[in-house]
Each structure stands twice: as C-alpha cells, then as structure tokens.
Amino acid sequence: LFSPSTSRQQQNQPQGHYGLTSPISLAPPADKDHIHTQKLIEAMKPFGVFEDQEELYHRTTVLGKLNNFVREWISELAESKNLPPAITEQVGGKIFTFGSYRLGVHTKGSSDIDALCVAPSHVERSDFFQSFFEKLKNQEEVKNLRAIEDAYVPVIKFEFDGIEIDLVFAKLSLPTVSDDLDLRDDSCLKSLDIRCIRSLNGSRVTDEILRLVPNLENFRLTLRAVKLWAKRRGVYSNIMGFLGGVSWAMLVARICQLYPNALASTLVNKFFLIFSKWDWPKPVLLKRLEESFLNLPVWDPRVNPSDRYHVMPIITPAYPQQNSTYNVSVSTRAVMVEEFQRGLEVTDEILKGKSDWSKLFEPLNFFQKYKHYIVLTASAFTEEHHLNWIGLVESKIRVLVGNLERNEFITIAHVQPQSFPGNEVLYKQSGYVSMWFLGLVFKKAESAVKTNVDLTHGIQSFTDTVYRQASALNILKEGMKIEATYVKRKQLHYFLPAGTLQKRKKQRVSDISQNNSGLQCKRSSLGESCSDGCKDRDSRTPSNSSSLNKISKLDISTAETERLYVFEVVGGMWFLISWPNSKSQVSPTEMEATVALRTSGPPIGCTIPRYNTVCQLRTCFVQGHHKLSGTLITDPKSASPKQHYSPASK
C-alpha cells in the first residue's frame, strides 16, 4: 500500500497497481502517438492554455522586481532592529514560486502567481503583515492589496504591475538567506512553527513533483490537458471538495511514472483508465513515505485514525507528507469517478479514430443533469463586504455538501464550483449577490408511502457554521444574508440567464403560472455572516433582469404558497424582515417523496426580538405535480405573524 514502484527499471515493465485486475499495457507506436499528440495540442489552443512569450517575459520581470523589493525590505528591517552592519548587508531574502507557474503550465491570460517570501530569523510574521504590507501599500505598481492573516496558510494578495500575486511567508532559523538556498533539504524545516512549514510546503511539493517525473515536456503537456478537462467538466476546485492544481499535478505525475516513454495523448488516455478503476480510498503516492529526524506529523492511517476517513487520498511527496484532498467528500468523489469513466470512453474513441479531442473538452451541462437543485445565495450591501462574505460562504459550501450527503435519502449532492451573479431585482433588494447551485439525487421511493426528507436540518447546520465563524472573527456586517432555495430543474430560469441554460420553448408568465400552480420553490433563509479568505468573483452583473419580477407575479394564492423567512443583522441584532403568507394544507392521495424544510431561525446566541418560531415546509410530488404544504408554529406570546421588521424599524 505504501510502496509504489517508481524505479526506472520497473517503470518500463507492465504492472498491476492498487486494485487493478489486469496488467497495464505498453504505449502504442510512437508515430501514431505523435499524430494524436499534435491533434491534442491543436484542440487545446483555442482555450488559451499556452501562454505567449510576451506574457512570460512580463511575469518574469515582475517577479524580479518583487524579489528586489523583498530584499530591500528585509535589509531595512535589519537596520531598524539594530543588527550589526556586517549582517545587515548580507541578510538576503528570496522569492520562490510554486503552483502552476513553477510547474510550467501557466495559461494565457491567467496572471496570478503563487509565491513564497523566505526571510532570515530576525524577521517575524508580524513584520510581514505590518511593515511589509505598509511598504507595498506605498508602491504605485501595487493595486487591490489585502492581507488574510487568519487563513490556514496566511497570505497577502495584491496586483503588482497587473500581475496578481498570492504571497505567503516563512522565516528560517538562519541569520541569512542566500541566493542558492535549496528548500528541498528537510533541515530547513528545523525549529519552524506550523504556519511557516505550511508556507514552505507549497514550494517543496512543487519541486519534488518536478524531480519525480521522468519527462517534463510530456508531463506538462498532459497536465495542461487534464487541467483544461477538469475545469470544463466542473471538477477543478479544492475549496469546493474537488481537486486543486497540485492534486491534479500529482495524479498526472503518477501516470507519467507508470508510462515513462508515452507521449501526452497516450498519457491522457491512461490517466482516465487508471483513475476510473482506482480502488479508492487507497492512496496515490509518488514515492515511499519517509521518516525524518524532525518527527513532524505526516499522513499515515496506520498511526492517525482521522486519516482513515479520507475518501480520496493523494499524498504530497515532500516531507511532511500530507493528504492534499482532505476536502473531498463521498459525493464529489462519485462525481469525479463518473467523469473519469466518461473521459476513458471519449479518449478510447479518439485513439480509435472515431472522434476528435474537442469532444473531451465539451463542458458539463450541469443545469440539465439533475431534477432537483438547491440555490445558495449570499448577499451584502457593499462590494467590499460582499467579497469578504462570499469568501467565507464559498469556503464552507463543502460543509453543506457533507451535511446533505449524510441524509439517508440523498445519494448525490453535486455543487457547481462556478458562482453566478444576481440579477437587477436581487441587486436592488439585497445589494451585491452571488449564487451557487447544488444538484441533488434522491433515492427512489420503493412505494407510494409518504417519505419525509429533511433538507433544512443540513442547511441550518451549514449556516450556523458560517455564522459562528464570522462571529468569532468579529466581522459580521449589516445587510449580509445567506439563503438556501430548493428548486426543480424547470425553475432554474428564474435565477439564471437564458444563455446558461439549454434553449427551451418560450413560455409566457401566465403559462408558467397555470402549468406550475405558482412558484414551486422554498427558501430557507437563515443566519448571515462574513469572513476573510475570499476570491474576486461576481458582484451585481445582471443575469436575468425580469426573473424576480416573474416570480413576484406568479399566482400563489392557491394552496401552494411560498414561505420565505429572511433574517437580517441590524445594529448587531437579528431582525425578522419577512414573514410567510397564509398557511395551507395539502392532502395528497399519492406521492413519491416529501421534502421537508424546518427553519428555526439563527443560531443560539442571536437575538430576534419578539419572535420564537418554527416553520415546517413540505414539497410533495403528487402525480407529476409539485405542491407545497406547511405548518407554522408561533410563540403565543409573540406578536402577529403578519408584522414585518426591516432595518428601517431599528
């Protein structure tokens, strides 16, 4: 299990690997492989995966300027701390790159670079986030500067002469940092705190991957193809529970080890062959796990019980070895395995001459794949608050996925990594808005017996988690909201622009109202929060300016009534600003399933003046029709349920 065969002699031999039932075949003849590889390159060119020399030169120039800037700051800091002049002149300091730029697979137009600032022992982390941050702030070339000091790997994000930089920090237990410093030596980790070790890990892992692959050119071309495929198929996102860049790189590196003489076209096909049949959760390893005199914690399920619960372990090759895919859940793994199987079918057809490489890169039609969806909406009044807010929400969506997939009636909870902006009506109501979509697969009912599927318990737990973290960081802002809306596939056009969905026959609003008997969705609008650690996403770009107007015009006067609860932070307190319409009862004679939502308000510790409510909503599937029913329970001491609160009432 922990001893993958990677010697050059063994790599040239057919071999079974981790649960594969048959030996791995040798690569096809080189001439045919060259033709397929050239066709693969041509198919990737329209997507801009190859950067031009001008971009490469500009990035190199920016990194050179940043390196000199860091050395200048470290020297000035040494003087301010009254270090001897002999040491001040030689303290050094250096910038290392890692990630896609260091791997050599940077794409055209993708200007972000992951970089590491390595400093000598007299430089503290507080200096990096204070004096260095202030020095950056005074540079004309630097734009959009922000520090995320509370992140798992603390980082300063900024644009330097148009190039986005994510800069992490590590100080070594050395008085000086020389230009020929080699971070691959484990001794550089001695006496460092865990945050410095995490920062160094990115560079150390990237360099070790490059060292372990037998042919860099074939590795890079294959990795470009796999990353493009993963992004097009919606499975490229570490934060959402799929795989990030370093994990995809390690998978490709393992295939390159198994087929050291194969070209990219064959390597892509073998990539899908191997990992569509991989016996997860057996780990992917590029080399044996190694011991070290430093005794740092490493991934090892034989020692660490928590490691046994990782469902798709891909282990970093540099000490201390860690699982790069701890965010992966049962649902996201199932989605990726399904995509591996599709990739194998498509590449088999391509290599047989029955199809071309463009088919491999066809995008996933996520919004036609499922019958049931949850729309997660995050909003804030200002753009700055919105960017911070969606950073926290995005980082916790995998918690929601985990909550949903633990429901015994849900087989798949598939999140679309891309977020979408709210439309003009949402912007007017809530400010800056972002939406994420989760596809759901429910177990088929074995009989006509009524079945309750509690979705809101998982949603409530998710929003509680978001709120508590924001509260702990003391960054909760007024106007920040998060809502979860259950919809069916035919209702997605209320939230998304027409171009995002498959073209359908146009329907008038009155037709929709008549056919669907009103708005067939439910919102579980719960606690609000915000956080650091965000990415620049969308904000208020209109997607479908009339969609919310259509919703409001729908006939919901029948038994099928939308119930909407929205809680908003005003002056540090929670206020109920929306209340459901009249309650109703539906007595279905036959149903496949019932989806129940329970909303009990914000987490414990939040104050909602005058109200203590529990709402239970059900979605019933009655002979092909979708209906809502519900029961509203209010505290007898509360005011009338029809009373509304808003920020203006504070």
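Note: Cβ is positioned from N, Cα and C throughout, glycine not excepted.
What TrEMBL says about this one:
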{"type": "REGION", "residues": "1-23", "note": "region 'Disordered'"}
{"type": "COMPBIAS", "residues": "1-15", "note": "compositional bias 'Polar residues'"}
{"type": "DOMAIN", "residues": "19-213", "note": "domain 'Poly(A) polymerase nucleotidyltransferase'"}
{"type": "BINDING", "residues": "Phe98, Gly99, Ser100, Thr107, Asp112, Ile113, Asp114, Asp166, Lys227, Tyr236, Gly245, Val246", "note": "ATP binding site"}
{"type": "BINDING", "residues": "Asp112, Asp114", "note": "Mg(2+) 1 binding site"}
{"type": "BINDING", "residues": "Asp112, Asp114, Asp166", "note": "Mg(2+) 2 binding site"}
{"type": "DOMAIN", "residues": "218-362", "note": "domain 'Poly(A) polymerase central'"}
{"type": "DOMAIN", "residues": "365-425", "note": "domain 'Poly(A) polymerase RNA-binding'"}
{"type": "DOMAIN", "residues": "429-503", "note": "domain 'Poly(A) polymerase RNA-binding'"}
{"type": "REGION", "residues": "506-548", "note": "region 'Disordered'"}
{"type": "COMPBIAS", "residues": "510-528", "note": "compositional bias 'Polar residues'"}
Rounded to the nearest Å - Cα separation of Asp114 (ATP binding site) and Asp166 (Mg(2+) 2 binding site): 5
Distance check against Asp166 (Mg(2+) 2 binding site) for the binding-site residues Ser100, Lys227, Gly245, keeping those with Cα within 10 Å: none
Extra residues within 8 Å (Cβ to Cβ centroid of Asp112, Asp114, Asp166), Mg(2+) 2: Gly99, Tyr101, Ile113, Ala115, Lys157, Glu164, Ile165, Leu167
Of Phe98, Gly245 (the binding-site residues), the residue whose Cβ has the fewest other Cβ atoms within 10 Å: Gly245
Per-state residue totals over the domain 'Poly(A) polymerase RNA-binding' (365-425) - DSSP helix, strand, coil: 29 helix, 17 strand, 15 coil
Neighbour count (Cβ, 10 Å) for Lys227 (ATP binding site): 21
Binding-site residues (Asp112, Asp114, Asp166), the one with most neighbouring Cβ atoms at 10 Å: Asp114
C-beta crowding around Ser100 (ATP binding site), within 10 angstroms: 22
